[in-house]
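Peer 1: Sharing the features that Swiss-Prot gives for it:
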| type | residues | note |
| --- | --- | --- |
| ACT_SITE | Ser25 | active site, schiff-base intermediate with substrate |
| MOD_RES | Ser25 | pyruvic acid (Ser) |
| BINDING | Thr57, Gly73, Gly74, Ala75 | substrate binding site |
| ACT_SITE | Tyr58 | active site, proton donor |
Amino acid sequence: MQRTLLLAKIHNCTLTGANINYVGSISIDEILLEKAGILPYEQVQVVNSANGQRFITYAIPAPAHSGVIELNGGAARLGIIGDRLIIMTYGQFTPEELKNYSPTVVIVDEKNRLLEVRRYDDLLVKV
């Protein structure tokens, strides 16, 4: 049996743009994607802490060190510039893969600059 757990998240980032005319997705600073281990076009769940919206889209890279977090297409209607977002990916794991597993959490400042990458070793999954 496989279980679905949090794989990684970019925590409390700031929405910097909304482009309703783009085909879809969320643009994320390439450095943040890399540090979180999120691949281009990977499915992500986005939670808008300002309005409670939760939605699924896919990630595309924005220029490295740009601080860009931009909602595109229809998702652009689900936030306004300055809203704080949590961007998450999930993975499927077997019991064997879960031994000593913990998610990756990317912490950023208000301009979406990388502050730290955390591994919650004190919250290891016990199987």
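Any Cβ shown, glycine's included, is placed from N, Cα and C.
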Peer 1: In the structure shown, which of the binding-site residues Gly73, Gly74 has the fewest Cβ neighbours within 10 Å?
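Peer 2: If we count Cβ atoms within 10 Å for the binding-site residues Gly73, Gly74, the smallest count is at Gly74.
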Peer 1: Can you give me the Cα-Cα distance between Ser25 (active site, schiff-base intermediate with substrate) and Gly73 (substrate binding site) in Å, rounded to a whole number?
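Peer 2: Computed Cα spacing between Ser25 (active site, schiff-base intermediate with substrate) and Gly73 (substrate binding site) is 7 Å.
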Peer 1: Within 8 Å of the centroid of the Cβ atoms of Thr57, Gly73, Gly74, Ala75, which other residues of that chain place their own Cβ, given that this set defines the recorded substrate site?
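Peer 2: Here the nearby residues are Gly24, Ser25, Ile26, Phe55, Leu71, Asn72, Ala76, Arg77, Leu78.
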Peer 1: Count the Cβ atoms, other than its own, that fall within 10 Å of the Cβ of Tyr58 (active site, proton donor), considering every protein chain shown.
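Peer 2: So the Cβ neighbour count for Tyr58 (active site, proton donor) comes to 15.
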Peer 1: How many angstrom lie between the most widely spaced Cα atoms of the substrate binders Thr57, Gly73, Gly74, Ala75?
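Peer 2: Largest Cα to Cα distance for the substrate-binding set is 10 Å.
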Peer 1: Using all protein chains in view, find how many other C-beta atoms are within 10 Å of the C-beta of Ser25 (active site, schiff-base intermediate with substrate).
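Peer 2: Neighbour count, Cβ to Cβ under the 10 Å cut-off: 19.
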Peer 1: Least buried of the binding-site residues Thr57, Ala75, going by other Cβ atoms within 10 Å?
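Peer 2: Among the binding-site residues Thr57, Ala75, the sparsest Cβ neighbourhood within 10 Å belongs to Thr57.
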